[in-house]
Ligand code: GDP
């Protein structure tokens, strides 16, 4: 499957820049560059940089730096040349055209990384992490992608898979001696291995829900009656006027999502229409959506005016009960807004009591004057349990891996059941093979052209 073609693509973003990097990989990368470059390259050592001119016949196209890597000691494992030229789209185009005439072809999306995978420089999950690193836009998503690229959990899976493979071979060997009733595979050790694999898979599967939200942003719903200051709070957090703030109750009818990075983690704030009994049709749709958003959120901010603690305590309790019924799984944070408008601090005592009686965390703040926002951010980080991130634990973010992990777990559990039932070796062997297959899909030990095509088609050209 390894291609003989030598490929070229720009590795830098399109448009004008100070410098652009053109990347060439393949058997002929060095010899082709040598034909158009003013310096001698065939004898040049690997990992060296050369200043010279790229010439199309007598015409000098640009003065460039050529970085040279001899396979297998390169990103792709093949000969690689990287030309750093001036970042004019015209120059890039001219140099690329020159190489195409000399016999290169344009690289497909992700083809450099595909070649790195095919040449054993990266396993599949590491190759996928390359795309995640390029796409990472927060400290947390960057950290997870880096961890995965350094080997992440695929090396762990690979080891377990090798152990399982050994057992599979022993059990299959038993089948050849079926008449003699021998057992080569130590059943107790096998059960122990199955338990270990099950535990590892479960841990990785559990990490996906956190991993996924970190990659896509952790959804937070801000709910509360109209006019309590939801948009103002959102704006304060975003520090820009994006949601509509208005004096008329019920204006934030549509849900607005905005993203903000706090403590290196991306949050998606969902500002919602208020909760209140209303005959207005449009608003009722908004309220229905509010409840849907509560279900989708990982944390719920319940916002009310601090003065309500004194003026409408029963109504406040009733609404909080409603929210609790919708937010059964997620933590709800009680936020007493407009604290600045309170003359005395008596409400604090009542807020305390409200927190105690509902068992919810609480905080007084002023969205308008930006007080209490730091405490709010601290509480938020605490609530989403970012401890897992700090501890450097493995987190699965890729839905393909998640899928393969679920399938592998199901197969492993099937094997465990079969063992308990004392099922015959030939049937056991089939289940083990299935589990091996799904584990291999994660690391890329088992691949199909479709799978590779799907993964690498999502890369940018030049990577
Ligand atoms: P929403 O309907 O819940 O989104 O409420 P808005 O954010 O539109 O705010 C309604 C009104 O309350 C606006 O006039 C805001 O300026 C005001 N407001 C919001 N937060 C505070 C606050 O902390 N203190 C005071 N005094 N007024 C606030």
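Here the Cβ of each residue, glycine as well, is placed from N, Cα and C on the backbone.
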According to TrEMBL, 23, 121, 463 bind (6S)-5-formyl-5,6,7,8-tetrahydrofolate; which of 82, 156, 163 is also listed for that site? 82
Can you tell me which of these binding-site residues sit near ligand 1, meaning the Cβ is under 6 Å from at least one of its atoms: 23, 82, 231, 463? 231
Whole-number Å value for how far residue 231 (Mg(2+) binding site) lies from residue 463 ((6S)-5-formyl-5,6,7,8-tetrahydrofolate binding site) (Cα to Cα): 41
Residue 23 ((6S)-5-formyl-5,6,7,8-tetrahydrofolate binding site) versus residue 227 (GTP binding site) - Cα distance in angstrom: 56
If you count Cβ atoms within 10 Å of the Cβ of residue 23 ((6S)-5-formyl-5,6,7,8-tetrahydrofolate binding site), leaving out that atom itself, what do you get? 23
In angstrom units, rounded to an integer, how far apart are the Cα atoms of residue 23 ((6S)-5-formyl-5,6,7,8-tetrahydrofolate binding site) and residue 231 (Mg(2+) binding site)? 48
Over the domain 'TrmE-type G' (217-385), what is the model's mean pLDDT? 79
